[in-house]
Every structure is written in structure tokens, then in C-alpha cells.
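Worksheet: the structure to be examined is printed underneath.
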Amino acid sequence: MKRKVLLMGRSESGKTSMRSIIFANYIARDTMRLGVTIDVEHSHVRFLGNLVLNLWDCGGQEGFLESYLTTQRDHIFRNVEVLIYVFDIESREHQKDIKNYKSCIEAISQNSKDAKIFCLIHKMDLVPEDQRDTLFKNKEQEIRQASLPLKPTCFRTSIWDETLYKAWSSIVYSLIPNVKVLEYNLDKFCKICEADEVVLFEKATFLVISHSARKVHKDVHRFEKISTIIKQFFLSCSKSQANFQAMEVRNSNFAAFIDAFTSNTYIMVIMSDPTIESSATLLNIQVAKSHFEKFINSTSN
């Protein structure tokens, strides 16, 4: 099953850098050597086994954008499942950026009226921390106004923290069919294990696919932080030619289990009940693997 995803925005807004971090295992500092995208770069990213993201990374130079909106209009904007538009927060051509975005929205409305729209307000690490909330809200309001009658989902992002994983996890989640069936079964598993939380990660990208929680946690970005940390750990393992299989982290307050789950996922189980032995949790994970394999395969077919 293929899903066409457009990645658009002005030149040097950070589109190719974020794609390389999420899908090609780059670390943030290595993206500095990436060149400028010329015209359209196509990549096919296999996700959850049978789901293929047909990612069109569109160069943002003015000449290319004009071509996308005229001679290539139908070719670029037809059969699109998701449009990801990246705004560079430091751009000095603010009005032109909004005008170009509105032109893309018009083309999407005409050629792929059911496409989902995600706007990433990028390079937020360059904004003083005490100004980020206000700046993001103002930018989001302006983007929503420019998008009417479509309703975009906006995220603040940076390649230097977990916000990039938060945004892309949400984007990929929107592309997974029958994901509610998976969530229902994950809820049941969480209750059976008497876990505080259970999180499912895609194996190649370590993006969050789904999660279930029985206890409220104040840090809403915790999963994305874990994605970032574990992916860095995976890269370290691969450099030393070691294969990651499982991990258990325990202190006086909780135990966290991260284990290879199905052929395309990892699972994380968080436990705080001291009366439940590690062996019981590990057995539950082992027993659930074959059960979840069929649900995850069905969601990507």
C-alpha cells in the first residue's frame, strides 16, 4: 500500500534535514553537509512492513515552485494523502512564504481535496525560549487563516530536540489504516499487564505508532524524548556492530522494558507496581508478540 506524501517549503527551510534524520538515521549535526534539493527528490520509505510512504521532497527555489504550480501542477498535487509544509521561522520573506503556501493549498484543494495538511514551524531552537509560545501561536493563527477552508495541523519543530519526532509521529499515525483496532488491543494488553503505560514504536524510525496509559504523566513529550535517546543508542550499537534486542531499566519508582516486539515494531512497557516481577512482564510481552503480529500486519495492508 503506497501513500503519496508531499514535503514542501522555501529553499533551505530544513525539509531534507528532517527527512534524513527521521528516515535515513542522520544525527542533527551531520545534516549540515546535505546539499540543496534540485526539483523533486523521490524516496520510497517502507513503514510497518507493507505500508510504503512515497515521499516527494520538493525543492523550494522560486523557479521550481512556479513549475509545480503551473506545468507540473496535476502531476505534483494529484493523489496526495498528506501535504507537509515547512515554514522557516527565521525567514525574512514572511509575506511571500504565506503567498506561496496559499498557492499550494489551492492546488491541493483542486487535485486532492481529502489530503491532510501538516504545517511545521521549523528551527524554533533559534527563538529565545520565553518567546516561543507567543510566536508559535501567532504563526499558527496566520497559517490557519491562510488555509481556509482546509484545516491544517501545526507543530513547532527543531532538529535539535524531540519536537521533530512528535510532529512526524503524528503525521505517520494519520497514514496508518485501521489504527483504532491496534489501539484497542494495546489498551487490553496494558490492562492485562497492569502496566502504567505501553508504547509501540516503529522499528526503523522509532516513531511512536500507538500508546496506552493507565496513569497520567505530566510530561507530554516523554515518548518523543525516548525515541530520540533510543535511536541514538541504536546508532551507537550499529557502529560497534552490536544488535539491540531488549533493555530493562529499573529504579526505586518504576521499571521500563524495551523489547523487540513484532517484525516491524518495538514495545516499551512501564511498570510501577513493585509486587509484579520482571519475569511476569517479560512473559506477557513474549506471549503477546504473535497476537499483535496479525493486527499490525492488517493495519499496514
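Every residue number used here counts from 1 along the chain in the order it is shown.
Quick reminder: no glycine exception, Cβ is built from N, Cα and C everywhere.
Taken from Swiss-Prot, the feature GTP binding site applies to 9-16, 57-61, 122-125.
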Looking only at DSSP and grouping its letters into three states, which state does M124 (GTP binding site) belong to? helix
Per DSSP, three-state class assigned to K15 (GTP binding site): helix
Please report the three-state DSSP label of G9 (GTP binding site). strand
Count of other CB atoms lying within 10 Å of the CB belonging to K15 (GTP binding site): 25
For C58 (GTP binding site), what is the secondary structure state per DSSP, taken as helix, strand or coil? strand
